[in-house]
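Read the structure below first, then the notes.
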């Protein structure tokens, strides 16, 4: 089987490409080329000479739509490349033709295709629609509202009320609502949700006399107790090591050893002992008095450090005793029994909600995204299936016969439901060899919050055997590891390996970072230019929150303020403070948040990298396209954050102050944007003008432009009523009641028919206000008459907009208001105008999405927006950046997955891990079920049950494993440079804590240290501290940790990774806040050049010539950008025959007939921004056959225009039934039927000459058509690519080379005969046919060309038939 590309595959990649006959799991590390391997495997399967398959016999499942599109494009490109080398290969041609119908999609899309195909088996409406995320969110809250209201009505003081009292949240029932939805969402990712719910509830039916160790929650609790005791034992071991040092309190050694032994003995009892045994062992741990020491005999610093470590151990043991053994076993069990009835009630509410939600969706003939997978599983799973044994249905067996291979990308991110679907579709050995090919990297499984289950990948990884070249009998499957990294420099690869060998283990990260998991450098970067040194080091910048000084328990040694090479600013070593106590820069630094300080440091490093320093040239990065090194650009840099809320804007602001362009799409802040708040206030006023605050906000906004003084004047007009009443009174004191009635009541149909002209924008309102005094132009606050004019105009607008909101789709109303007020243009002129416009357009898109909901209306839309805000489901600011912009990208680590950047900063490494899903009165777990707290509704006191403790601990460990994987993803995004930045409150204390794992033998850090981490630095710090380059951390740890100068563990000493550790205390960090010292003026004043200012001295002649050449450069393809890229055949005629007069039937109607009303300018197409200057008329086809003019205008005319008459004739010819009589009477009957079917209006039918049509079908050409009517195609639309040079003959050859123009057209009739096609085009011209035919030569030539190129057969004859003169002219 030959390779389909010139790529030199590694042996492991070749195995993944060629392995057959078994289920294959490919563990593909970051940057290992898994997509390329997938594509190559597919291509080779398609062209396999021994066992080929067609592309539509593959099921390729990807994680995102973008990945599916990329996969399809790559396969298509590979097929095209193969076909170019073998153009006669019919098999390749067939695969290319089948590619469009191949099953290459996300799993959701695959499930949707199954649901649409087998809707009748599921009892669904054939026209069932899939609800969008937001529509489903709104509907389920409405269903939940109704459910709770019904429950409250049915019970006065029953189980449901008791449940609300305990888990409602105190003041209302919002806590219980969220809990019901959380349980429901959790169940959607489970293949057997009802069984999971029942088993979770049954666990609390604890029988009398049960033992704690027999409960499902005991194993994780036992592990947690052991971990806490081991931490205490390690603290005592560290104390003992310090006591044994010269000068240490050696008299303590025996006591410390005895205490450590007792704690370790208690920890050992957790493995085998019962609850009672463990309680006894923990109680036996006693801390006595330490022997006395004489003053001066021991080092007081060591003595104090030992005492603090021992005290830490005592607190840990005391916490274990108080948390776990202060209650009897019977008391723990009694809590579980007492809470069981309330959980049963909760389970009933969840089931009732699930059924009510299903019924609500069915009533709208809709399903949501969760339903797609659940319904697909229902189709594929036979009724005899059990959780332990999946039995395929007949549908699944049909799919097994169809798909010869199932390929799954990102397998580590699937959940239980998705895995069950794939299992049922894949062959199990009975229908044929196992045929699943799964690719993923469990180290990059970071979607646990979406219910991804990395345990599915890990289970197969453990069960499958390494691929040995052929399937092994009896093996569950084959495992292939792709460890080669083709992305990152060797320095980055070495650093990642150094870290994760120490911190990722089966317990701490659910996977051992062994040789199979390591990255192997294969990128092959050329040596850096001008440098003989080794790979650039990974930078670790640690920002200390306190001044240098003795650390608690760390002795009195003074650590250096900074270490490592040059400081980030590039001007000397960090940490040399100036000694002034009241330095303004230090005062400013104290007011900064940790993220602001990190941002300033990052800005300094970016400046040094891009611009260079006195000692270092600008950083060079490898350009894969140019195949050379080039200077670093801003677009090469990414700043990654674990959490972006409130941080992206901070970093952008700091970088902007340093002159560094940056962009980050924040996931929050959209609804807080001023322009969005103003427009939502306007919509609230349209819904109900009696809302004072929204109304005042609109009046004060640029839409109306009133000042605070104006608002005060309005209030004085009616101090007691609503602000709307005051507004009406201020607008028209004499007729306030009449205006209130007009604006608050719906407009009548007659009023709508006499609609006023489009209202003025805010600026026009201001102009009206200033009319009384020209000196006040641009203001709206001067005189009462001017203010009244503005208010009257606003009330008129408000009245009309409210009427429109009741009668038109909401998106049209939003767009019309944006256009009429000019607000979209206004915000575009504000700072950040492009972003503000994007935000308003995103609101319009949200309204357009809402228009597709089954239930609509302005009130419901506002409720929908309120629900998004309540759910903290902020849309984030709308994207306003192109991919090619030269800016620094700032994003979350999750968004960076799948991306790569030459330079990566990972910031915020000292931030604490989120514990959001460790809080709450009831926790959930896939394996353990519910973990509730006991809540006393009377006192509102709550305390945890055993189940709560167990679920919380299991969740905490799973979260830590996820955070390890998130860190792995972040670090493996870097190609060439990796910079780590983190802040700690006390770095000395942190280093002392980190150093306790430095003496651990071998690579892995102690499990207790890893599992007690609270931030990424709690993993990175202990690991780097053990490296040869970690001396600054070891020194800073002082006497509280590893002895200074003791060095790293010998097992790690030879590690090839390089680290540059820089420590910043407030004094040293001050340096990057100060301007750089004065230096000699640069040879070239780039700042003046950039600002287009005169220079102090002439430029070097060579530089002057280079600048002149660059500024004089002209875009070589400028002539092309001014030409249309898409043309109709009619438009094309003008380029080939510019002097030709337009035929009568194609003349445009007068402008007054075609121009749309101003208020009906087209809104933007979905996914695109509208033109801000002047919206173009809509070019989308109307639902009506005739869209030139509104019907009511057509009815007032006695005759149609030539264009309209020609269009009517073409519609008739398209819809004529050729099997019926086509004499004049027969044609007339069909015309009447077309009127009844509303294909034509009576006026249009009357304009069609039925006799002329009958004469055509009685002619030789017409009879020929009727005799072969089964081979006739009518109204064939086509798209044809024509070389631009052929269309635009005046273009320079170099400008038009390679470009094409897309030509579109519609062929009236095509008759297929044995030796070719006959093409017919109808014309309604009333001119001489012979002369008119010459004008259509170009049109027919392109019709003929389109048929021959697309259909592959010649057009042997072409005719123009002129109906008016009843002649057919051969062309």
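Every residue, even glycine, has its Cβ placed from backbone N, Cα and C.
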- Note on the structure: Expected hit for region 'Disordered' in Swiss-Prot across 544-582, 583-621, 622-660 is 544-582
- In the structure shown, with every protein chain counted, which of the binding-site residues 28, 29, 30 has the densest set of Cβ atoms within 10 angstroms of its Cβ? 28
- Query: What does DSSP assign residue 34 (ATP binding site), in three states?
  - Reply: helix
- Look up residue 28 (ATP binding site) in the DSSP assignment and reduce it to helix, strand or coil. strand
- Message: Between 32, 35, which of the binding-site residues has its C-beta surrounded by the fewest other C-beta atoms within 10 Å?
- Response: 35
- Starting from the Cβ centroid of 28, 29, 30, 31, 32, 33, 34, 35, the recorded ATP site, name every other residue in that chain with its Cβ within 8 Å, sequence order please. 37, 441, 482, 485, 486, 487
